[in-house]
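Peer 1: As listed in TrEMBL for this protein:
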type	residues	note
ACT_SITE	Asp110	active site
ACT_SITE	Asp127	active site
TRANSMEM	58-76	transmembrane segment
TRANSMEM	83-100	transmembrane segment
TRANSMEM	112-139	transmembrane segment
Amino acid sequence: MNKTVLLFLIFLTIFIIDQAIKYAFVYNNWGYEGSCLSFQLAYNYGVAFSMFSFLKEYLKYIQLALVFAGVIYLYFNKDVLKEYALPISLLFAGGLSNILDRFTYEAVVDYIYWHCGFEFAIFNLADMIINLAVGIIIYKQIWGKNKEEA
């Protein structure tokens, strides 16, 4: 299978699964209360940890502008796109899914609440995928360069 097609399928699969889960929480009243992990609907009007929630009406446009700037950067830096194709695909899947939430629900739909002896932020699959992508990029930056220098 062509690498571009595979990356697009990964993007599309993550995007659709995340949106389907969010839809289920919003319209089917899903939920589960556990001792360490709960699943409950929450709307995040800001970004990570609800920061910048005072910009809620403008965040969707700011984030779209950042995605557009990223696309332009990648267009002119195809070597970066080639080197980081998988994490970029993951970043776009998670990021665009959360942006779609802002247009659809006026906030990002969160539903995973981790609280094992402490209170932690509520997040969603898209957030986990974005963190995974950043982790891959950091890993490649630190350990990928060491292989090239050896």
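Just so it is clear, glycine is given a Cβ too, placed from its N, Cα and C backbone atoms.
Help me understand the surroundings of these features in the structure.
Peer 2: Secondary structure at Asp110 (active site), taken from DSSP and collapsed to helix, strand or coil, is strand.
Cβ contacts within 10 Å of Asp127 (active site), excluding its own Cβ and spanning all protein chains shown: 21.
Distant neighbours of the transmembrane segment (58-76): 45-47, 52, 88, 91-92, 95-96, 98-99, 102-103; these residues of the same chain sit at least 6 beyond its ends, with a Cβ under 8 Å from one of its Cβ atoms.
Long-range contacts of the transmembrane segment (112-139) within the same chain: residues 14, 17-18, 21-22, 35-40, 42, 44, 48-50, 84, 86-88, 90-91, 93-95, 97-98, each at least 6 residues beyond the stretch ends and with a Cβ under 8 Å from a Cβ of the stretch.
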Peer 1: With every protein chain in view, how many other Cβ atoms are within 10 Å of the Cβ of Asp110 (active site)?
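Peer 2: Looking across every protein chain shown, the total is 23.
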Peer 1: How many Å separate the Cα atoms of Asp110 (active site) and Asp127 (active site)?
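Peer 2: With distance taken Cα to Cα, Asp127 (active site) is 9 Å from Asp110 (active site).
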